[in-house]
Amino acid sequence: MRCGKMAAPPPPAAGAPGAWGGVRRRCQRLLYWVPVLFISSILCWSYYAYVTQLCLLTMTNIGEKVVCLVAYHVFFMLFVWSYWKTIFTLPMNPSKEFHLSYSDKESLEREPRGESQQEVLRRAAKDLPIYTRTMSGAIRYCDRCHLVKPDRCHHCSVCDKCILKMDHHCPWVNNCVGFSNYKFFLLFLAYSLLYCLFIAATDLQYFIKFWTNGLPDTQAKFHIMFLFFAAAMFSVSLSSLFGYHCWLVSKNKSTLEVFRAPIFRHRTDKNGFSLGFSKNLRQVFGDEKKYWLLPVFSSLGDGCSFPTCLVNQDPEQASTPGGLNSTSKNENHLFPAKPLRDSQSHLLTDAPSWSETAAKAEKGKVGMSNPALTMENET
């Protein structure tokens with residue numbers, strides 16, 4: 001037999017299970033866009049109904065037309081911009097340092113569950129800035145992505161990926177809402193609510209006139225009346241959703257953390273990541289207020305590590321690369337072991353002595369590995 005490269009396996013036949021599985025996945029991906037197409041169609045119709053039927057054909061006062069058209073297009077532009085950014089901003093995934101090495105993967109698959117696997121996970125997680133655990137106290141490990149989950153990271157079953165600071169998977173944007181686009185999602189809710197309120201407020205008098213037959217029956221009647229009903233209905237639902245997420249931001253929580261509070265080394269703490277209203281707000285919107293109302297990314301941090309309000313951190317958590325443990329019992333707001341980006345360190349501006357205190361108190365201490373951990377899958 002002649003030596004050479006092995007031929008590539010033939011593609012699955014048309015009737016093979018693999019081929020049908022691929023078709024099914026493609027159909028599912030197409031169906032996921034149906035809610036987005038529905039919102040987009042409603043938005044396009046509302047533009048026609050408001051601009052053409054209400055402003056151009058029904059309003060008679062020139063000044064009212066100009067004011068309404070200018071204000072409407074401002075809200076429309078901000079709404080579409082934030083919606084677009086929420087849909088097409090890719091969710092951030094854990095960095096490569098959280099992925100198991102090839103040798104660790106092999107060891108994890110080869111060894112039976114027990115102390116051997118615990119040793120593999122301890123070795124992989126000892127230098128990572130993680131404080132949260134599973135309900136049983138084990139390290140949070142994803143066996144689908146083969147990585148140690150950063151704090152506040154969860155695996156999305158729809159995207160089939162681990163998403164940093166995952167809030168939820170939203171069908172209306174066909175995307176995961178997480179660290180990379182949570183600000184855009186909030187602005188999308190805010191501007192869509194303002195858009196609906198503005199339409200309802202400026203359409204109300206004409207709705208009443210058509211309802212009481214104060215205006216002649218024209219083609220505009222249907223559009224103006226249905227436009228008011230749609231704007232009022234969406235305003236009610238959006239106001240409750242936007243209010244809920246404003247509360248989440250004020251408490252520095254995600255939707256998943258409301259249903260399952262984060263579990264730290266010693267206890268469960270539903271407010272473990274809350275730093276106070278001002279700092280919680282800045283963690284999402286950033287330090288520069290000129291960007292707060294624009295759908296441009298300005299959130300603080302890298303999405304992999306977050307400051308906490310816990311006083312008693314894990315004494316066995318890994319040290320920083322410089323050999324200094326970042327836990328300090330003299331401060332209320334602490335950083336994880338790995339130093340964060342400069343933008344995130346601004347959250348501790350009211351505690352200037354943090355680094356000096358930590359350096360003096362912990363200098364010379366060598367980071368220890370995490371306690372015995374069992375591998376447990378968690379979404």
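Every residue, even glycine, has its Cβ placed from backbone N, Cα and C.
In TrEMBL, annotation is done automatically, which means it is predicted and not curated.
As the structure is a computational prediction, the values presented were derived from the model and not from experiment.
Residues or ranges marked as compositional bias 'Polar residues' by TrEMBL: 317-329.
Averaged across the domain 'Palmitoyltransferase DHHC' (139-258), pLDDT for the predicted model comes to 94. Look at TrEMBL and you will find 139-258 tagged as domain 'Palmitoyltransferase DHHC'.
Annotation source TrEMBL lists region 'Disordered' at 317-379.
As annotated by TrEMBL, transmembrane segment applies to 30-50 (among others).
Within its own chain, the transmembrane segment (62-84) has Cβ neighbours under 8 Å at 39, 43, 47, 50-51, 54-56, 173, 184, 187-188, 190-192, 194-195, 198-199, 202, 295, counting only residues six or more beyond its boundaries. As annotated by TrEMBL, transmembrane segment applies to 62-84 (among others).
Panel annotation: around the transmembrane segment (184-202), residues 46, 50, 54, 68, 71-72, 75-76, 78-79, 82-83, 85-86, 89, 167, 170, 173, 177, 227-228, 231-232, 234-235, 238-239, 241-242, 245-246, 249, 284, 293-295, 297 of the same chain, lying at least six beyond its termini, place a Cβ under 8 Å from a Cβ of the stretch. Among the features that TrEMBL reports, transmembrane segment is placed at 184-202 (among others).
The transmembrane segment annotation in TrEMBL covers 222-244 (among others).
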Same-chain residues near the transmembrane segment (222-244), Cβ under 8 Å, at least 6 residues beyond its ends: 42, 46, 48-50, 53-54, 58, 186, 189-190, 192-193, 196-197, 199-200, 203-204, 206-207, 210-211
The domain 'Palmitoyltransferase DHHC' (139-258) - residue tally per DSSP class, helix then strand then coil: 67 helix, 17 strand, 36 coil
